[in-house]
Amino acid sequence: MTSCHIAEEPIKKVAIFGGTHGNELTGVFLVKHWLKNGAEIQRTGLEVKPFITNPRAVKKCTRYIDCDLNRIFDLENLGKKMSEDLPYEVRRAQEINHLFGPKNSEDSYDIIFDLHNTTSNMGCTLILEDSRNNFLIQMFHYIKIEVGPQPQGVLRADILDQMRKMIKHALDFIHHFNEGKEFPSCAIEVYKIMEKVDYPRNENGEIAAIIHPNLQDQDWKPLHPGDPVFLTLDGKTIPLGGDCTVHPVFVNEAAYYEKKEAFAKTTKLTLHAESIRCSSH
């Protein structure tokens, strides 16, 4: 009997990034540990490299030095001529691209896990950049861990343990795949960002209302038109407009104040993945 599946190339090289934002300490702590003793992340036939992405920001326990490293891996910044006049993170992005890329080149790493913390109550959040990638959907389906909110510049043992387990499950999935295990077709629920919502502001551009208590810590839960969203200091409630229910994420995320984002509206979707098996078996 034969099964119908999509043949995928084996995964050979995986990187684990910590410290892309220097004050998100769980990834920093884990990567530093694995750099000293990486036995738990090694898998037969797989190269796994832990890496501190923004060491200067890590040293200062700050999100970044000159600009957000997580927002500049684009062709424009990666293509700029290397110079000491460039912002530190732009130069660092070019170095990282050289070490682990360039993207889609023969020598590039197959998968990079970039470890982050959020102050929002979002549990374990896996960000999927390609909604048609069968391998990634299958891997996300395999990983079932919850990671809760954590302040920046702080370490929590429970969050660290959960993130550690998440990486273990991801590496286990890759190992099983490389060994020839077939993963049957599956489906996962995802949330697609539709709009990023700023705080209400006054004529000077200053924040004029805060997240309403009814919305605080309610990431992923349905938010209906008319539900309270913001609260002014004089007690006025500002409700959700529009005519459709959304699912808020990154609610009151501390790092997003500078980006003028109070929360993001998402809509729930279901993604399907075909059965996959490593082509070398």
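Each residue, glycine too, has its Cβ placed from N, Cα and C.
Annotation comment: TrEMBL describes Glu146 as active site, proton donor/acceptor.
What TrEMBL lists as Zn(2+) binding site is His21, Glu24, His116. The Cβ neighbour count for His21 (Zn(2+) binding site), using a 10 Å radius over every protein chain in view, is 25.
Feature annotation from TrEMBL assigns domain 'Succinylglutamate desuccinylase/Aspartoacylase catalytic' to 11-143.
The domain 'AstE/AspA barrel-sandwich hybrid' annotation in TrEMBL covers 187-267. In this model, the domain 'AstE/AspA barrel-sandwich hybrid' (187-267) carries an average pLDDT of 96.
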Within the domain 'Succinylglutamate desuccinylase/Aspartoacylase catalytic' (11-143), how many residues are helix, strand or coil going by DSSP?
50 helix, 18 strand, 65 coil
Nonlocal neighbours by CB distance (under 8 Å) for Glu24 (Zn(2+) binding site), same chain, sequence gap 6 or more:
Arg63, Leu115, His116, Asn117, Gln152
Around the Cβ of His116 (Zn(2+) binding site), how many other Cβ atoms lie within 10 Å? Please give the count over every shown protein chain.
18
